[in-house]
Amino acid sequence: MPAVLSSVLSNITDFVVHEGNGVKGLADMGLEALPKQYVQPEEERITTSTVIVDDTIPVIDLSEWGSDPKVGDMICEAAEKWGFFQIVNHGVPLEVLEEVKAATYRFFRLPAEEKNKHCKDNSPSNNVRYGTSFTPHAEKALEWKDFLSLFYVSDEEAAALWPSACRDEALTFMRNCDAVIKRLLKSLMKGLNVTEIDGTKESLLMGSKRINMNYYPKCPNPELTVGVGRHSDVSTLTILLQDQIGGLYVRKLDSDTWVHVPPINGAIVINVGDALQILSNGRYKSIEHRVIANGSNNRISVPIFVNPRPNDIIGPLPELLESGEKAVYKNVLYSDYVKHFFRKAHDGKETVDFAKIN
């Protein structure tokens, strides 16, 4: 083993986390075996015995959205029964999707010292964060992923703080998804018999947004680790663009089995987040999902997390309780909910249970 690699492996946390090399830096050194810090417990690895190969999440064609009410019904049904679905003919130009994927690769190919300007200790703002794994300080085993997280406040702040390697493409992707997000939420609210989205509800449903750029390098011994561990998102909705490599798995509702989300060129993956599960009083389901590591290819994904504002109180919508439903969830300050999520390692649906009424 070369001396440099031996030194890195003896100080992986410094190399990967503190020096900004990320797991990409490890992979670029030509590792032949997975470092022990990334070996996941067996119960956290996905196996062929738990995967259903002949099933997958719904794919919904939005081309007739304006004229066919069945499209809205399909969206609501998918949110109830799966919590995940793919959309095609959504109106976001293919070139916008391809450009943001190219920009993601461009950022992660920057030198470590350039990326490290945006790490937790160096970034001029908490709204811009480059990092690795999920919460390295709280994890027993690290996840095989690097990320750039960009919390959107304004175009002016983005121009000043977001990395120039990907800033314009990320903003363009977000802007192009806005109309789709609003229509999806309108359909989902209609399914709850909520006919008016006033300013308060708009804040609860889409008051803030965060876009992540995720990079999963090819991995030695991918069967021993994970790209992302089991979790549900804390968002209202997540709008996910994935590349053609694949590797995203979704847990079937009320089951211990998983299904693959196959890449479809031009499609966008939509999933219900915890906030919408709580707002809908459990009608719409945020579902556990995970990403496996890949031994042959690098993989990227670009999710937009559509969230309440940090100072919003989330709880079952008044219209549902006024119709006689019993509240399943308590009212929670959204920023407290998010802090609870990020203080620990990925742990399935534990965070949404935090908001349940016992």
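Cβ atoms here come from the backbone N, Cα and C positions, even for glycine.
Among the candidates Tyr215, Tyr216, Tyr249, the residue that Swiss-Prot names alongside Arg299, Ser301 for the 2-oxoglutarate site is Tyr216.
From the candidate list His260, His289, the residue Swiss-Prot records in the Fe cation site shared with His231, Asp233 is His289. Counting every protein chain shown, the Cβ of Tyr216 (2-oxoglutarate binding site) has 29 other Cβ atoms within 10 Å. Checking each of the binding-site residues (Tyr216, Arg299, Ser301) against His289 (Fe cation binding site), the C-alpha distance stays within 10 Å for none of them.
DSSP places the residues of the domain 'Fe2OG dioxygenase' (200-308) in helix, strand and coil in these numbers: 16 helix, 43 strand, 50 coil.
Annotation for the binding-site residues His231, His289, Arg299: lowest Cβ count within 10 Å of the residue's own Cβ, His231. You'll find the Cα of Asp233 (Fe cation binding site) roughly 20 Å from the Cα of Arg299 (2-oxoglutarate binding site).
Largest Cα-to-Cα span within the 2-oxoglutarate-binding set Tyr216, Arg299, Ser301: 9 Å.
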